[in-house]
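Chemist: I'd like to ask you about the structure that follows.
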Amino acid sequence: MDQSNGKGVEEHEVRQRMREKEERALSPPSEEAEENMKLSVERIFEGQPVPSWRDQLTWRAFGMSFVLSVLFCFIVMKLNLTTGIIPSLNVSAGLLGFFFIKTWTKLLDSAGLLRLPFTRQENTVIQTCVVASSGIAFSGGFGSYLFGMSKRIAQQTSDTQDATDIKDPSLAWMIGFLFVVSFLGLFAVVPLRKIMIIDFKLTYPSGTATAHLINSFHTPEGAKLAKKQVRELGKFFSFSFLWGFFQWFYTADPDHCGFINFPSLGLQAYENMFYFDFSATYVGVGMICPYIINISVLLGGILSWGLLWPLIEKKRGDWYHADLPLTSMHGLQGYKVFLAISLILGDGLYNFFKVLSRTLSGLYYQLRDRDVGVALPIANGSSPEANEASFDDQRRTQMFLKDRIPNWFAIAGYATIAIISIITLPHLFPPLKWYYILVIYVFAPTLGFCNAYGCGLTDWSLASTYGKLAIFVIGAWAGASHGGVIAGLAACGVMMNIVSTASDLTQDFKTGYLTLASPRSMFVSQVIGTAMGCVISPCVFWLFYNAFDDLGQPGSTYAVPFATVYRGMAALGTEGFSSLPKHCLQLCCGFFAAAIVVNIIKDAVPKRWGRFIPVPMAMAIPFYIGSYFAIDMCVGSLILFIWEKVNKAKADAFGPAVASGLICGDGIWTLPSSILALAGVKPPICMKFLSRSTNAKVDKFLGS
C-alpha cells in the first residue's frame, strides 16, 4: 500500500530505500505489548467481530479518504515538480486517517449516535484509498513522461519541434488518459492473489509494516502513541505552513528573491547551486530518507556541479558552439541530461535484472518445493499448509479466502478495459498505434506478475524501469519521422500504470490479510482511490500549470527535471546517438558502466561496508537541477542523527511524524500560494543578495 511502489524519489528504486527509517515508528511502545503482538496478534482482537466486506466500506471512510487524498496529492505533486524525490508518507496517512475517524466516532458515541465502531479493517480501507489516490500524482507522469510531451519541454530538448512530437497538457485528455490506463493492472493480478499471499507467503515488507501500524493503532497502547504522534505532526505542520507563508512575503520574483535564494555558502557556491534554501519540505524528506540516500545526492551534486560542469564549461567553443542558448541539448544542457540518464539507466537495469533473477529463482524453488509442475495455484484453490498454520495464519487465511473475487470477473474486466484502451489511446496519441498497445497488453499480465512477485520478495517496484524500456522499444518501433517521441512517452505511461498498480494491489492484499480486511474491500477501495486520483491529480497539476508560468523552465522553482530526462530518453530511442553533443556518448558509456560497477561492489561486499557505498540513482538526481535540496536533506539527516544520539527511543517513535509534519505543512502552503498567483496577487517584497562590488555599482547608480 505504499506510494513508493508505483508512485514515489521520482524513481521507484530510490524510494524503496526510504522506507527503512519510516518503519521504525511502527513498534508498540511497551515491551509487554510488543511481546503480545509477537505471540498472537489475532488473540488480541479475538473478541472483536470482523465486519462484512460491505460494512468495511463506509461513507465516512471514503469521505476522509477524499480529504486526505487532496492533501497528499498537493504534497506529492509539489515534490514531483521540484526534484522528483517522493518519500513514503504511510505514517502520516495512517496517523491522520486513524486520528480523524477516531475523533469523529468518539463524538458520535458521546452523543449516542454511533452506529458502527471504527475498526482496523475500515482503517485499512482508508489507507488503501488514500495511497492509491495520491499515488496517481506520481504514476500519472505529471513530473515525467506526461509533461515531457509538452512544448515547454520540447523547446529545451530539441532545436526543431515537430508537431507530431508535442502534446500540451489539457485537463480533459489527462483525466481521460488516466481513467483508461490506471485500472488495468488491478485486474491483471487478482486471479493470482492467493499464490502471492498464502501459498508463497511473500513478505511484502511495506504492506506488512503498514498492517503492523494499523494493528498497533487499535490496541490501547498503540492508540496512546498514535495520539502523541499526531500531536507532534500537527505542531510541525503548523510551523511549516506558517514558515512557508512568511517566506512568501519576500519572493516578489520567486526565481531570484527570498529565502529560497539565500547564498548561505557564498555567492560562488550559490552560482553552482550549492546553498541552503530553508525548505521545510526537504528537511523533512531528509529525516525520512536513509542517510546513504542523502549522502549520495550530495555526492552527486559535488561530482556534477562542483567538478564536471565547470570542466565541460571550459570546453565551450570546442566541444559545443559558444553561441548556443543555455537550454540547448547540443550544449552543456545536453551533458547534464544525458549523463543523468546514463546513471539512471545503469542503476535501473542492474536492479531490474537483479530483481528479475531473484523473482525467477524464487518462483522456481516455490514451485519445485510444492511439486505443482508449471501450473500456478489461483484464487479458488485451497492452501496446502492450512493444517500446519498457527492460529493467526488460520484465522487470516479463513478470512482471506472467505470473500473471493471470481476469476471470470478479473479476466472480463481486463479484456474490457484493454479493448477500450486500444480503441481510445490512438485518438489521444495518434503516433501510438493500436497494435503497439495490443503488444503491451499481451505482455502486461506477465510483467505485472513479475513486478508484484519481485516486490513481495525485495520490496522493490521496478515500474519506472519497465516504463523506460517501453520508451525505447515503442519509440524505436515508431521511428523519429512518425512521432516516435510521443509514442514512446505514451507507451511509458501505459506500462508504468499497469505494473505499478499490480504491485500496489498485492501490497494491499498483504495488508488486508494481516488486518483481516476482505480482499473485496481492498479491491473496491483501490478502485475508488484510483478513480479519485484520476480526477484529483490532474486538477492539482492543472492548478500548478496555470498558476506558475515558469513551470518546467530550468532554474525555476518548479523545474520538473524528470520531464526533460524522460523526453531525452525518448529522443535517444528514436534519433539514436546523433542527438548527443560531442564526446557525450563516451562519457555516458563511462557513467553507465560506473553505475553497474558500483552496484556490483555494493552487493558483493559485506553489508556493514556496503551501506557506505553511494546509490547511483540518487547521485543522478542533482545532475540537472543542482544540489540545493541535497543541503536541505543533509540538514534533516543531521537533525535526526543528533536526536537519535540524545534520545533514540523518542527519535524512532516521533521522527517520522515530525518529518511528515514538515513535509505536509509546506506542501499544503502551495494551495493558497497557487490561488494567490492565479488571482494576480504578488508578494510585496523582493529580498535579494548581491556581491559587494555589484552592490556598490547599484548604490552609485541610485545615488546618481
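Including glycine, each Cβ sits where the backbone N, Cα and C put it.
Got these off TrEMBL a minute ago, pasting:
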type	residues	note
COMPBIAS	8-25	compositional bias 'Basic and acidic residues'
REGION	1-34	region 'Disordered'
TRANSMEM	61-79	transmembrane segment
TRANSMEM	125-147	transmembrane segment
TRANSMEM	171-192	transmembrane segment
TRANSMEM	291-312	transmembrane segment
TRANSMEM	405-428	transmembrane segment
TRANSMEM	434-457	transmembrane segment
TRANSMEM	469-502	transmembrane segment
TRANSMEM	522-545	transmembrane segment
TRANSMEM	584-601	transmembrane segment
TRANSMEM	621-643	transmembrane segment
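Set these features in their place in the structure for me.
Modeler: Residues 3, 7, 85-87, 89, 93, 96-97, 100-101, 122, 125-126, 129-130, 133-138, 142-143, 281, 285, 525, 528-529, 532-533, 536-537, 540-541, 544, 663-664, 666-668, 670-671 of the same chain sit 6 or more residues outside the transmembrane segment (61-79) yet have a Cβ under 8 Å from a Cβ within it.
Listed by sequence, the residues of this chain that lie at least six past the ends of the transmembrane segment (469-502) yet keep a Cβ under 8 A from its Cβ atoms are 5-7, 12, 135, 139-141, 144-146, 148-149, 162, 164-167, 177-178, 181-186, 188-189, 421, 425, 428-433, 436-437, 440, 444, 447-449, 451-452, 461-463, 526, 530, 566-567, 569-575.
For the transmembrane segment (621-643), same-chain residues at least 6 beyond its ends with a Cβ under 8 Å from one of its own Cβ atoms are 9-10, 14, 21, 82-85, 264-265, 272-279, 281-289, 291, 293-295, 297-298, 300-302, 304-305, 336-337, 339-340, 343, 559, 561, 564-565, 650-651, 655, 659.
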Chemist: Can you work out which residues elsewhere in the same chain, 6+ from the ends of the transmembrane segment (584-601), have a Cβ less than 8 Å from its Cβ atoms?
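Modeler: For the transmembrane segment (584-601), the nonlocal Cβ contacts are 334-335, 338-339, 341-343, 345-347, 349-351, 354, 577, 610, 613-614, 616-617.
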Chemist: Please identify the stretch among 171-192, 291-312, 405-428, 434-457 with the greatest number of Cβ pairs below 8 Å relative to the transmembrane segment (125-147).
Modeler: 171-192
Chemist: Is the number of Cβ-Cβ pairs under 8 Å between the transmembrane segment (434-457) and the transmembrane segment (291-312) three or more, considering only pairs separated by 6 or more positions?
Modeler: no
Chemist: Can you work out which residues elsewhere in the same chain, 6+ from the ends of the transmembrane segment (171-192), have a Cβ less than 8 Å from its Cβ atoms?
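Modeler: Answer is 136, 139-140, 146, 376, 378-379, 405, 407, 409-411, 413-414, 417-418, 420-421, 424-425, 428, 441, 444-445, 448-449, 452, 493-494, 497-502, 504-506, 523, 526-527, 530-531, 533-535, 537-539, 541-542.
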